[in-house]
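K.L.:
Structure provided below as structure tokens; questions to follow.
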Amino acid sequence: MGDVEKGKKIFVQKCAQCHTVEKGGKHKTGPNLHGLFGRKTGQAPGFSYTDANKNKGITWGEETLMEYLENPKKYIPGTKMIFAGIKKKGEREDLIAYLKKATNE
């Protein structure tokens with residue numbers, strides 16, 4: 001899988017403006033991502049999701065995140081995440097490696 005340190009840099013550049021990862025972290029424009037792996041879409045307590053996110057019904061894991069992060073609006077039409085996606089597979093792998101570690105600490 002990807003490189004955790006490279007993934008952290010990608011998170012800081014592309015995700016941290018809207019998301020936190022630490023346990024008990026606050027929601028920003030996007031939800032706190034702690035405990036993301038193994039959780040269904042639209043389930044972070046206290047965050048106001050669109051129906052599209054709540055109704056997608058998939059469980060977040062490496063494969064689902066690879067697809068989602070490539071093109072969020074294609075994967076979940078109606079999501080309010082304003083992010084074009086990460087086209088480079090290696091960058092997505094690095095980000096997912098970081099998320100897997102950081103959202104589980």
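In case you wondered, yes, glycine gets a Cβ from its N, Cα and C as well.
Checked Swiss-Prot, it gives:
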MOD_RES   G2  N-acetylglycine
BINDING   C15, C18, H19, M81  heme c binding site
MOD_RES   Y49  phosphotyrosine
MOD_RES   K56  N6-succinyllysine
MOD_RES   K73  N6-acetyllysine
MOD_RES   K73  N6-succinyllysine
MOD_RES   Y98  phosphotyrosine
MOD_RES   K100  N6-acetyllysine
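Quick one: where do these features end up spatially?
P.N.:
The Cβ neighbour count for G2 (N-acetylglycine), using a 10 Å radius and every protein chain shown, is 20.
DSSP gives M81 (heme c binding site) a coil state; it is part of no helix or strand. The Cβ neighbour count for M81 (heme c binding site), using a 10 Å radius and every protein chain shown, is 17.
Long-range neighbours of Y49 (phosphotyrosine) (same chain, six or more residues apart, CB within less than 8 Å of its CB): P31, T41, G42, K80.
With a cut-off of 8 Å between CB atoms and residues at least 6 apart in sequence, the same chain places T41, G42, I76 near K56 (N6-succinyllysine), listed in sequence order.
DSSP assigns K73 (N6-acetyllysine) to a helix. Sequence-distant neighbours of K73 (N6-acetyllysine) (same chain, 6+ residues apart, CB-CB distance under 8 A): T79, M81, G85.
Around Y98 (phosphotyrosine), taking its Cβ as the centre, 23 other Cβ atoms fall within 10 Å, counting all chains. Mapped onto three states, the DSSP output places Y98 (phosphotyrosine) in helix.
Neighbour count (other Cβ atoms within 10 Å of the Cβ, all protein chains): 18 for K100 (N6-acetyllysine).
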K.L.:
If I restrict to non-local contacts, at least six residues apart, and a C-beta distance under 8 angstroms, what lies near C15 (heme c binding site) in its own chain?
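P.N.:
In sequence order, the residues whose Cβ lies under 8 Å from that of C15 (heme c binding site) (at least 6 apart) are G30, L95.
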K.L.:
Cα-Cα, whole number of Å: K100 (N6-acetyllysine) versus H19 (heme c binding site)?
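P.N.:
About 14 Å separate the Cα atoms of these two residues.
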